[in-house]
Amino acid sequence: MTELHRAAPRAAGRPARRRGGSGVLRDGWWPVLFVAPLLVGVVVFYLWPIVQTFWFSFTTFGVFGGQTFSGVANYVALVQDPEFYLSLGNTLIYTAIVLLGVPLAVWLAALLNTPGLKFASFYRVLFFLPYIAMPTAVALVWRLMFNGDYGILNWVLSLVGIPGPYWVSTPGFAIVAVSIVGLWSSLGFSMIVLAAGLKAIPPELYEAAELDGASPSRRFRSVTVPLLTPTIFFVVVVTVISSFQLFDLLYAIMGPRNPAMPSSMSLVFYFFQAGFVDNQQGFAASIAIAIFVLIGLVTLLQFRLQRRWVANV
Amino acid sequence: MSSAVQTRAAATVRTRTPATRSRRRPRHVLAHVVLGVGGFLMAFPFLWQIIMSLSTNSQVRSVVPTFWPGTLQWHNYVDVFEQLPFLPQLGVSVTITVIRTVAQIVLCTLAGYAFARMRFRGRNLLLGLVLSILLVPSQVYLLSQYQIVQQLGWLNTIPGIVAPGLFSAFGTFLMRTAFLNLPNELEEAARIDGANPWQIFTRVMVPLVRSNISVLAITTVLFSWNELLWPLVVSTYAGLQPLAAGLATLSGSVTVDYPVIMAASLMATAPVLIAFILLQRRVIDGIASSGLK
């Protein structure tokens, strides 16, 4: 459900456009009929659960049901749990590797936007396929390709004399393997959004730069990249938020009973295990709140740093 | 400033020499090489999936990869239905996707219209509450959603898997934006003609946002078909899991051969991939504009 974060910033800025003498009571009871079905579901399945999770995080669940108020005990246990820092570290490694795809996507999007380029829509489809595909389905192929004994990746590495590791069962390598798949699957999305941003750059600027004798690489550095920074910023924010919620690929590539899982888990897997495997719902709630706060802080930090590198357009 | 740029642009058009044109050629070559190699790498896992799904188990497990299996093992696709609960899981995937997509289209269009076009007390407060969900990662409501579904006795049922996904703050936001962008005149004209709000909505306004509804449909289908965490949590019985969850629990299984797993995973993801290839422009533009990830 990470799509949500993207949409939010745009929501605020748009005032309701209304003209003419539309009276306050003009629509009578109609709005209730229109809004109520959605609102009931949103309250029952989203707003109330959000409130409840905050409450859960201050309670301990009994083995035989029932819960007792335990103050900040869950949070104290969380900050003292080495697994929390481990899963946070893995999540950060994953995020960092997936972010390497952003500069790559800028370059690829610029190439894709070459005026008059043939097969452009064919390339677009190829790069977008991994983003559309079911993560658990592609995870199974990747798992086979990563296989230590007969995976094609290690065969390719052996051609250049590198002995490949057991990717998905070796602590340390497993999260890297998952990150590679994460990069592969999100590259197309970044590219498409960046390509849309590139289209908005006025062509006159390129003509002017060309007339001034700027080389293609100089035009890329001095025209394309600076004018694209707002889009790059959006892509980075979105990528970080979704990377922080890594679960599907990790779960499906490694498998929950993989011996390397305890050292490779992400924050959301850590949450999943506490809440739905170990039945520590109170503790799991505190992890969920921690994920929420961490994503909030990282996003806030990015908006602060934005002034340093994002062009005002 | 802008006129200077225009003059310069005009000048460039006139002074484009053969030299600049020939400098363009190598750039296209570079673009084709990079995008071609990159595109191949992006598509390779799918090609490999196809090849492996048509190989024998020993070919899959050979150290030197088998790039072409010789005799194509089509029976792997039949084995999927015998060795895995593929058919019931496909049924679950189709059912939950259809229900959620229809529900989201109806509920989000109705609410989006009211939030964009009607006046009522508390509108901004309610809209703010709905949109606030967008700021919260899904883990924050997951535990409690599970408890609600459990109390309703809906664990391991279609209603349980489907319930929270019937309602979407994102979809409401999308449809509200669509309705905000429409001019007021049509609505006013219909009102003067004596149409009531329901008639205005169904006959005048909804037909105008059809393309936005298709964006909502595409994003909902994708989300519903591919989603893992929620179905995995509420549906623990293999026969009642959608394909995404069913395949995920296969990982690390030693009882099913790799070629069969490859055939199953390919068939599971094929419907969305084929739909995407048929509707490519619409899907890409829709996702790029909605910012879904």
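Using the three backbone atoms N, Cα and C, a Cβ is placed for every residue, glycine included.
Among the features that TrEMBL reports, compositional bias 'Low complexity' is placed at B:1-20. Sequence annotations record features per position, and here TrEMBL assigns domain 'ABC transmembrane type-1' to B:90-279. Residues or ranges marked as region 'Disordered' by TrEMBL: B:1-24. Annotated transmembrane segment per TrEMBL: B:29-51, B:90-113, B:125-142, B:154-175, B:213-238, B:258-279, in sequence order.
Against the transmembrane segment (B:213-238), the recorded stretches B:125-142, B:154-175, B:258-279 differ in Cβ pairs under 8 Å, and the greatest number is found for B:154-175. When each of the listed stretches B:90-113, B:125-142, B:258-279 is scored by C-beta pairs under 8 angstroms to the transmembrane segment (B:29-51), B:258-279 comes out highest. Sequence-distant contacts of the transmembrane segment (B:125-142), counting only residues of its own chain at least 6 positions beyond either end whose CB sits under 8 Å from a CB of the stretch, comprise 111, 115, 164, 169-170, 172-173, 176, 229-230, 233.
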